[in-house]
Each structure stands twice: as structure tokens, then as C-alpha cells.
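First up is the structure itself, then whatever we jot down about it.
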Amino acid sequence: MNENIEQVGEVPGTTILVDKDGQVQNYMGGVKLNHQSETDIILIPQPSDTDQNDPLLWSPKWKKLHITILFFYTLINACAAHWTTTVYTLFTKDFNTSYSNLNQVTGAQNLVLAFSCIFSQPFANKFGRRPTYICSTIICLVAFIAFAGARSYAGYMVYGVLIGLGVGPMDSLVGPSVHDVFFLHQHGYMAAYVIALGFGSNFGIVISGYIVETTKKWEWCLYVLIILDVCVLIFAIFFLEESLYHRDTKDKIAIVESHSQESNEKEEIKETVEVDNLSPIPRKPFWQRITFLSLDKANKSNIFELTIAPIKTFRYPAVIFTSLIYGIQICWLQLFGVTLSQFYSAPPYNFTSEAIGNMNWAGIVGTIIGAAYLQISDWYQVYRAKKNNGIAEPEHKLDLWYVPMILNVLGLFLYGYGPKYGYHWVVGAIGIGLINIGIFSLTTISLTYVMESYPKQTSKTMVAVLFVRNIMSAIFTWVFQYWLEGLGVIWLVAMLGLLCFFINASVLIMVFWGKSFRQKTAHWYFNSVQD
């Protein structure tokens, strides 16, 4: 038992999660650790003993309200970024332009999104999550109104740039916000975020198809988005609390680091982590909790330092791995955007906008199946920790990788070759569903992996991952039409399928050497945390 515990302070991400029969507390000299009620699960990170404003100590009601608002915020923003899939063919006629030109807008949107993720994160760390979400929602609202008024290719380009700017916090902040309010053994709530991404990306396409067929005007899609965005803005202003929280006291779990040092150093460290007998800090009144700015918990570094800090996290193999996985999975979402209308508005299908949108019901079903599959992730993590003397490793959840990995690749072949050979549309729909199972599952697992590998640098690692993801997505969108015309469907699908397989299979590197990588990068991590 002691040998396992000693690694906790030395390897980032290796964590004491289960304290069977109080062995950990006894080993730590009786230092009190907060546990989940009536269980042997240790709360990671340890919440404040005195401050009731700690987001980890919010009531379940407020935590659920917080994640619900962020769910709908993500849902609407994902719709905003992808709803145009069903009207691509209409845009080519109304704007007198080509598919390639429309793809340039999508590529520009993703490029702006990459830099939006970089700048929204330091803004949020400096001024708070709450004002960042509110400003983001307002920017998207301006984009909807502007495009609804312009109705031109130039207006579409402006829309793409503004949406890329506005949805940045959807990508870079929601994950850290989940970290703000939930403990390690509750990180399954990340699934709510990825569900919102999946539903928004697919359901927005379905609904836009219905709207266009009913109203005969694609502008009504924007009117609906305006209404929904205003609703999200109202709830964010009045109910979305600030979750940014700076923990001044050292994590009590950190005491285990002392067991790799001399005994006299142990006592010194033990003394520093004991909490003073301070008076409890009561919960702020509601009106104070919804102020626009809450600078008391903001990061004291300047904006420039916060902006460049994520670059250093590319030294971590887990960041590179997650960047590639997330990037390639988002490319498949872009694949639907640039091909669905091309494939199914032409013979032998001749689908209407509504029918094209309905194809994405398969994506919604795939997202639901992926969510159901990952319901076991938190339970599985606790199970593996109990089998490992109470020690949780980020690599444990990678055991859930292999099924969605295979389905992901199979879905690509079905989606690509189905319309190529004129198979029944159900073949392509099954492909969409399988791809979405992979997108949801692999994205959730990889994001959780990198966040748990370097838990105190979640914001920085997320920015690095998202920057690579969006650059990959932009490049894919820009070059795809040329690939399609140059290689043809058969060779292009074969190339994409192999690319998908080999990138997904890189998980084996992390399974076998992930902990070793974390151990070798520990000095970078701990030095960065102390900065």
C-alpha cells in the first residue's frame, strides 16, 4: 500500500481515490481528508474547509443548474456552427457561388475559432468565466442578426468569422467549468458537455432542414437561433454563477509527497497543510453571486503571460495525443458539413433540405448510444482504483477506448461508400451513427484523460488541445473539396479510414507508456503549478 501511495506526490495524475478502511489516512499521520458521504471515496480536489463559496461545495441544486445552463449554451453554439449543412446547395444558388467557396467560410470560421480559444481562456482566468460566457453569447447574437440582414456571401463570411469568435468559450471553457464544480469521481459530467456538442451539431442540422422546408426561407433558421440565444443570455445573466476559484491553501493530498523525502521534511510539510482554525465564510447573497465581474478569485498574472502559458503544455505527450484525437474527430463533423448536401441532394437520392437534415437523426442516436456507453466511466474508474489499492490512474479509463474506435472507422467506410455505390440511404445513416458514437466516446475519454493527467493545468492543456483541433479542422475543410475532386470517393474514403484507424490506435502508446510520460514530465508540471 505504502509503495503505491508514494507515487501520488511524484507522478501528476496519479491520485488517491479510494481509502479502504482508513489506510490512507493512517499512513498520512492522521491528517483529515474529506470523503464522499458514507463512502470510502476521497474527494479530489479537496474542497475548502471554511469557504462555502467554493464551487465544489455548492449544493447539488446549484451545480445541476450550472451544468444545465452550460449544456444549453453549448447546444445553441454547436447549432450555430453547423446548421448550414442542409442549406449548402441553396447557398450555392442564392449566393451564386461554389461549394469550394462555401468551404472557405467554414475554414475561416475554424481558424478564427482556434485563436478565439487561445484568447478567451486568459480572459476568463483574468476576469472570470461568467463575463466570458455572457460576452460570447452576445457576439453570437450579433452574428445571427447580421447574417439575417445581409443574406449574401459576404454576409456569410462575416457570420463565419463572428461565430468562430463567439463560440470559442464553448470549446475552451466548459471543460474547465466542469472541473470547477465537480470532483474527480464525478468527471462523467463531461459527458453532458460532449452530448451538447453532439446534439447541437446534429440536431441543428435536423431542425434547419424542417425550418427550410416549412418556411421556404433559410433565414428563419437564424430567427430561431436569435430567440434561443436570447433565452440562454437571460439565464446566464441571472443564474450562471462565477465558478473561477483560486485555492490559496495547499491541497491536503499533497502531504503524500513528503513520504519520498527525509522524515524531518515530512513534519515540515505536514505542518504547512494543516488548515487554520478560521471562522467559516458564509455563502454570498444571491445578488453578489450574479455580479458581472468577480475579480477576487481572478488570476493575478497579466494577459500576455496567461496567453502564452498553454504553449508550454505541448511538452506533455498526453496533450499531443488528445490534440490529434480531438482534431481528427472534429474533422468528421466537418466531413458531414461539406458532403451531406452534395451526396444526398444528387441522384439517386434527390433529397430535399428536410430529408438531408433527417439523416442527422442517425447522429443523434449515435450520440445517445455513446453517452449510454460512457455512463460506466465513473463507476469503472472507482472499480479500477479499488483493484489498485485505492490509486486512480488516468490510463484506467482508456480501457473503454477500443469499441468506439472500431465503430468510428467502420462508420467512415459506410458513410463514404454508401452513396458512392448508390446503396440504400440507411447504409449512409448507419455510418453517420457509428461515426458519432466514436466522436462522442473518443472525444470524452481523451479530454478526460488529459485533464486528469495534469489536473492543475486543465485550462492550459485545453487551450493547447483546442488550438490544434481547430487548425486541423480548418485545413481539412479547405482542402477536402480538392481531395474529393482529385482522388475520387473510393481512394479518398480509403485514405480517411486508414488515417482514422492509425490516429485512434495511437492510444496504445498512452496505455503502455502514459504513466512513464507523466513521470518524466513531472518536474515541468510541478514547476509550472508553482509559478
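Cβ coordinates are placed from backbone N, Cα and C, and glycine is handled just like the others.
Annotation comment: TrEMBL describes 63-518 as domain 'Major facilitator superfamily (MFS) profile'.
Under the heading transmembrane segment, TrEMBL lists 65-85 (among others). Long-range contacts of the transmembrane segment (65-85) within the same chain, counting only residues at least 6 positions beyond its ends with a Cβ under 8 Å from a Cβ of the stretch, are 58, 91, 102, 109, 113, 133, 136-137, 140, 143-144, 163, 166-167, 170, 174, 177-178, 181, 189, 192-193, 195-205, 207-208, 221, 225, 228-229, 231-232, 235-236, 239-241, 243, 333, 336-337, 340-341, 356-357, 360.
According to TrEMBL, the feature transmembrane segment maps to 105-124 (among others).
With a cut-off of 8 Å between Cβ atoms, the residues of this chain six or more beyond the transmembrane segment (131-150) that come close are 70, 73, 76-77, 80, 120, 123-124, 156, 158-159, 162-163, 165-170, 173, 219, 222-223, 225-226, 229-230, 232-233, 236-237, 240, 292-293. What TrEMBL records for 131-150 (among others) is transmembrane segment.
Beyond the ends of the transmembrane segment (156-178), by six or more residues, the same chain brings 66-67, 70, 73-74, 77-78, 80-81, 91, 95, 102, 105-106, 108-113, 116-117, 119-121, 124, 129, 132-133, 136-137, 139-140, 142-144, 146-147, 150, 187, 189-190, 192-193, 197, 243, 447, 451, 458-459, 462-463, 466, 469-470 to within a C-beta distance below 8 angstroms of the stretch. Here TrEMBL flags 156-178 (among others) as transmembrane segment.
Away from its own ends, the transmembrane segment (190-210) comes close to residues 67, 70-72, 74-87, 170, 174-175, 178, 218, 221, 224, 333, 336, 340, 352-358, 360-361, 363-364, 366-367, 370-371, 374-375, 377, 436, 439-440, 443-444, 447-448, 451 of its chain (Cβ-Cβ under 8 Å, at least six residues beyond either end). Here TrEMBL flags 190-210 (among others) as transmembrane segment.
TrEMBL lists 222-240 (among others) with the feature transmembrane segment.
Summarising the annotation, TrEMBL assigns transmembrane segment to 318-341 (among others).
Here TrEMBL flags 361-380 (among others) as transmembrane segment.
Here TrEMBL flags 400-417 (among others) as transmembrane segment.
Residues or ranges marked as transmembrane segment in TrEMBL: 423-450 (among others). Residues 175, 187, 190-191, 194-195, 197-198, 202, 316, 318-319, 321-322, 325-326, 329-330, 332-333, 336, 343-344, 349, 351, 359-367, 369-371, 373-374, 377, 394-395, 397-398, 400-401, 403-405, 407-417, 461-462, 465, 504, 510 of the same chain lie 6 or more positions beyond the ends of the transmembrane segment (423-450) yet place their CB under 8 Å from a CB of it.
TrEMBL lists 462-483 (among others) with the feature transmembrane segment.
Residues or ranges marked as transmembrane segment by TrEMBL: 489-513 (among others).
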Averaged pLDDT score, the domain 'Major facilitator superfamily (MFS) profile' (63-518): 87
